[in-house]
Amino acid sequence: MPLAWTLPLIEIRLLGMTISASMLAGVMQMVDQGDIITAAMVCFCVIGTPLALALCLVYLAVGKPLGMNLRPVLLVLDKLKEWIMFDIYLIGVVVAAIKVKDYADLFAGYGLLAFISLTLFYLLLIIHLDVQSLWQKYYPQPRQALKPEEVKCCIHCHYSGQSDERGRCPRCYVTLTPRIPYSLQKAWAALISSIIFLFPANLLPISIIYLNGARQDDTIFSGIVSLASGNIPVAMVVFTASILVPISKVIILLALLISIHMRCAQGLKTRVRLLRAVRWIGRWSMLDLFVISLTMSLVDRDQLLAFTMGPAALYFGSAVFLTILSVEWLDSRLLWDAHATGNAEYTD
Ligand SMILES: [Zn+2]
């Protein structure tokens with residue numbers, strides 16, 4: 001990780017000088033520009049969460065013999081997985097390279113090898129990390145013969161069985177509720193805020209390029225159009241990640257939330273599949289922010305050639321985070337409630 005974060009990922013030769021871009025330099029460049037929140041978002045996905053995952057695994061290895069409480073760590077472990085975005089950052093490196101290629105000669109940095117290895121290792125780690133078997137290993141639960149109506153499901157550690165005498169999950173000690181409290185309100189709040197943020201995100205400039213003193217503002221869409229003139233496949237990738245995914249995600253979430261309010265009983269399987277699909281594709285929207293962060297650290301030659309971030313980046317990042325949270329907060333079991341006969345149970 002230290003090598004992949006600090007060594008140059010790509011290098012350019014511009015005006016006889018070699019300029020290199022690393023992940024950390026990109027984040028620092030964003031901080032220097034005063035946009036700490038956007039920098040924090042990038043930092044969270046490519047430095048914060050992978051580091052946290054590694055520390056959690058160390059804690060599990062050390063904590064077990066010392067008899068420490070492993071429950072909070074196991075609970076966090078499951079949530080961390082989808083926030084680790086090395087794979088998306090790697091695609092971001094490729095897109096940034098293609099964008100910069102028009103202005104300068106491009107070379108791969110030493111850090112790229114470290115970064116590709118890191119991405120592969122984390123992919124393997126996430127594939128092999130089975131939180132369920134870890135729960136079973138550290139906190140084995142006796143098998144019980146229960147009637148279906150007695151079985152309760154814990155949405156946090158995915159244990160199904162009876163609650164303990166205090167109404168908690170016997171494995172992770174989180175209080176069991178039939179549905180996540182305030183799930184619908186939280187999901188709506190996050191979704192409505194993200195819809196509001198999507199307007200400035202698409203209308204304001206997301207990147208500003210100074211070329212020989214002339215300033216060129218690019219919105220997400222105009223950036224894709226100018227990318228398409230050189231490389232259509234890459235423009236398609238950026239279009240999918242920055243426009244298609246966020247908008248289709250908002251539309252799907254709106255439809256799902258409305259279907260819960262309407263107590264719609266049709267197409268349950270389709271809707272649950274849509275919710276899963278939305279969870280899986282949502283993280284890819286961060287691509288554009290990664291590209292901007294990397295390009296910024298690469299092309300900063302004052303008035304001659306400079307690339308800076310526009311105000312839309314903050315709104316765009318916020319919208320992406322909020323839609324991910326909206327999916328996270330939506331209790332998928334609410335979709336099934338309308339299907340239940342008689343009194344569909346709502347606890348929101
Ligand atoms: Zn539990």
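Every residue gets a Cβ built from N, Cα and C, even glycine.
Annotations in TrEMBL come from automatic prediction, not curation.
Listed in TrEMBL:
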TRANSMEM  12-31  transmembrane segment
TRANSMEM  37-62  transmembrane segment
TRANSMEM  83-100  transmembrane segment
TRANSMEM  106-127  transmembrane segment
TRANSMEM  188-212  transmembrane segment
TRANSMEM  232-260  transmembrane segment
TRANSMEM  281-299  transmembrane segment
TRANSMEM  305-325  transmembrane segment
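Contact between the transmembrane segment (188-212) and the transmembrane segment (12-31) is not supported, since fewer than 3 Cβ pairs fall under 8 Å when only residues 6 or more apart in sequence are counted. With a threshold of 8 Å between CB atoms, the same-chain residues lying at least 6 positions outside the transmembrane segment (37-62) that come near it are 1, 5, 23-24, 26-28, 30-31, 68, 70, 73-74, 76-77, 80-81, 83-86, 88-89, 122, 125, 134, 138, 283, 286, 289-290, 293, 309, 313-314, 317-318, 321. Listed by sequence, the residues of this chain that lie at least six past the ends of the transmembrane segment (83-100) yet keep a Cβ under 8 A from its Cβ atoms are 9-10, 12, 21, 23, 44-46, 49-50, 53, 106, 112, 115-116, 118-119, 122-123, 126, 227, 230-231, 234, 237-238, 241, 283-284, 286-287, 290-291, 294-295, 298-299. Each of 106-127, 232-260, 281-299 was scored by its Cβ pairs under 8 Å to the transmembrane segment (12-31), and the highest score goes to 281-299.
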